[in-house]
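What TrEMBL says about this one:
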DOMAIN    171-312  domain 'CMP/dCMP-type deaminase'
């Protein structure tokens, strides 16, 4: 794993690097032109004249663990092509970062000057390069460091489990749950976005999302009176013209095309309603995985004698876990 860390001054970049080095055995890498030479984590760092040579060194040893704080826009474009690279951004309130600066810097500037310098780095880059703000927006993991001291921040980092392999290559469950969220983007229902993926032996059989049937006006264009009338959750469903994502996926799959006897899992970003749960049981699906609750969850779980429900939740690092 190769972790690149970006963030504004005194946000905690080097505390992250030091934690990775001390607790996980990472090797620090730096550029010879690095402005961070006075940090303890650089004592045993490997130095390189250019980022290309640094990246070449990592690529030849990609099974080992490396970390660097020397990441800018041109470097990032090259690094993000590598499947073993993880970009971590860290930020903190500017008043807190100024207090940290006062406690560590030999040359003291005023609060006003600190803010001006910080804004220039974050939002007004020189030589038409990307701003730090835009680089941080592409991070795989975003950390907010409001810790009062280094020890507290280290505890926060250990809980985040930055070295989790799923951050580089998601498990099947995580992968299909993300695809469910992507399918939901196609929803035309104006009340709720729901996406569904039907999987057989880790292969996608069908996808579905909620909305009005083919040929009818889209719900978000006024096609469904029940939804556009802002009916409460679970009420007036007999008047709703929107098909549910699960229904669409099951119809797309068709019982004659799929052997539902073994290895079929339905992934949905929202817990199925009772009506969909009944249809799921009838067609033969034995397992449902969902990530968000719904107002009818208790009723939906009644068919669980013949079907397994698994709830997923996203932690602070946006990694799905059972």
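Here the Cβ of each residue, glycine as well, is placed from N, Cα and C on the backbone.
Look at the domain 'CMP/dCMP-type deaminase' (171-312): DSSP puts its residues at 50 helix, 28 strand, 64 coil.
Taken together, the residues in the domain 'CMP/dCMP-type deaminase' (171-312) have a mean pLDDT of 86 on the 0 to 100 scale.
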